[in-house]
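K.L.:
What follows is a structure written as structure tokens; I'll ask about it next.
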Amino acid sequence: MANAPSLAWPAPAKLNLFLHITGRRADGYHELQTLFQFIDHCDWLDFKPTTKDELKLHSNMGPVVADSDNLILKAAKSLKLHTAYPGGAEIWLDKRLPMGGGLGGGSSDAATTLVALNELWQTGLSKQELMALGLKLGADVPVFINGVAAFAEGVGEKLQAVTVPEPWYLVLVPDVHVSTAEIFQHPELVRDTPKLDQGSLLAGQWHNDCQALVQAKYPQVANALSWLLEYAPSRMTGTGACVFGEFATQQAALEALALKPDNLQGFVAKGLNRSPLELRRVQL
Ligand SMILES: C[C@](O)(CO)[C@H](O)COP(=O)(O)OP(=O)(O)OC[C@H]1O[C@@H](n2ccc(N)nc2=O)[C@H](O)[C@@H]1O
Ligand SMILES: Nc1ncnc2c1ncn2[C@@H]1O[C@H](COP(=O)(O)OP(=O)(O)OP(=O)(O)O)[C@@H](O)[C@H]1O
């Protein structure tokens, strides 16, 4: 597919600007305090409602994810079941975000699917209802439906909108897949960071509690981060593997990108407090 978005609906990536793990619930899920911001680097989707009781996905993703596991089809199915919608949809995906990178691409695809089909099928769910449905698909789905940068608690679903600086980021994509479930199950994961109030967290030093463990397990992540730290304040997003450095200008981020070793993939993107999905809604 071409470089310019040919499809109508964006599914942006997110960064966890900080990620603190403050405890573990009885069901195994972890209590977090995290700061989500979007970037203008997106998967793109399109949807055609059909009268047939069938959901069909066309994508450039290859066979890496079976249809039965694809969060897009899971999201469409959950909306269809929840609202007893009789028809279906044909869906197109232009996958551009790296998978398993901590950028939340799968969750974002699910969120965009829920928002788009709710509009196109005219199923009339509120944003809150869509967020509750989305949470059943993944802890990161609600923030993508909400569409504004947020301080999050709980498992990532209790959101408070925030306005933070919107720098340019150089995102590096180490050549390794980090499983979120594996990192959250690891015995050496830090799980006891003290809970703090939002003001102290925003004003304090930002860090990611998963970073030390992921760096120790995956030299590719450690190497990418140590390279990036030469140019900018840098951290890991989510449970990795992607790392990001903050730059004041696009030019500075592009200059660093031009110097990166050939064996590292990377891209430059703008931090956004309103997601491209939310901006599309407002502009229409
Ligand atoms: C690491 C983050 O990306 C930070 O934004 C998210 O917390 C992960 O969100 P996600 O990928 O949507 O996660 P899910 O698909 O819900 O869960 C994947 C796996 O991660 C673990 N998990 C996830 C979120 C959380 N707060 N605690 C967990 O322990 C669970 O073992 C789960 O089986
Ligand atoms: N549409 C989809 N796009 C990407 N991954 C999907 C999709 N549907 C299902 N998946 C599965 O979800 C896994 C996680 O994908 P995703 O790209 O969201 O990872 P991530 O960026 O690490 O997310 P997070 O930060 O939420 O942990 C993939 O490895 C894949 O098996």
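Count begins at 1; order follows the chain as displayed.
Backbone N, Cα and C define each Cβ position, glycine as well.
Got these off TrEMBL a minute ago, pasting:
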type: ACT_SITE; residues: Lys14; note: active site
type: ACT_SITE; residues: Asp140; note: active site
type: BINDING; residues: Pro98, Met99, Gly100, Gly101, Gly102, Leu103, Gly104, Gly105, Gly106, Ser107, Ser108; note: ATP binding site
type: DOMAIN; residues: 70-147; note: domain 'GHMP kinase N-terminal'
type: DOMAIN; residues: 201-256; note: domain 'GHMP kinase C-terminal'
K.L.:
So, by DSSP, how many helix, strand and coil residues make up the domain 'GHMP kinase N-terminal' (70-147)?
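P.N.:
So the domain 'GHMP kinase N-terminal' (70-147) is made up of 44 helix, 7 strand, 27 coil.
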K.L.:
Can you count helix, strand and coil residues in the domain 'GHMP kinase C-terminal' (201-256) using DSSP?
P.N.:
27 helix, 9 strand, 20 coil
K.L.:
Filtering Lys14, Pro98, Gly100, Gly102, Gly106, Ser108 (recorded positions) by proximity to ligand 2: which pass a Cβ cutoff of under 6 Å to any of its atoms?
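P.N.:
Within range of ligand 2: Gly100, Gly102, Gly106.
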K.L.:
For the recorded positions Lys14, Pro98, Gly100, Gly106, Asp140, which sit with their CB under 6 angstroms from an atom of ligand 1?
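P.N.:
Cβ under 6 Å from ligand 1: Asp140.
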K.L.:
Around the recorded ATP site, report the further residues of that chain (criterion: Cβ within 8 Å of the mean position of the Cβ atoms of Pro98, Met99, Gly100, Gly101, Gly102, Leu103, Gly104, Gly105, Gly106, Ser107, Ser108; site residues excluded), sequence-ordered.
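P.N.:
The surrounding set, listed in chain order, is Ala13, Leu97, Gly238.
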K.L.:
Sort out the sequence-distant neighbours of Gly102 (ATP binding site) for me: same chain, 6+ apart, CB within less than 8 Å of its CB, listed by position.
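P.N.:
Listed in sequence order, they are Asn16, Val178, Thr180, Met236, Thr237, Gly238, Thr239, Gly240, Ala241, Cys242.
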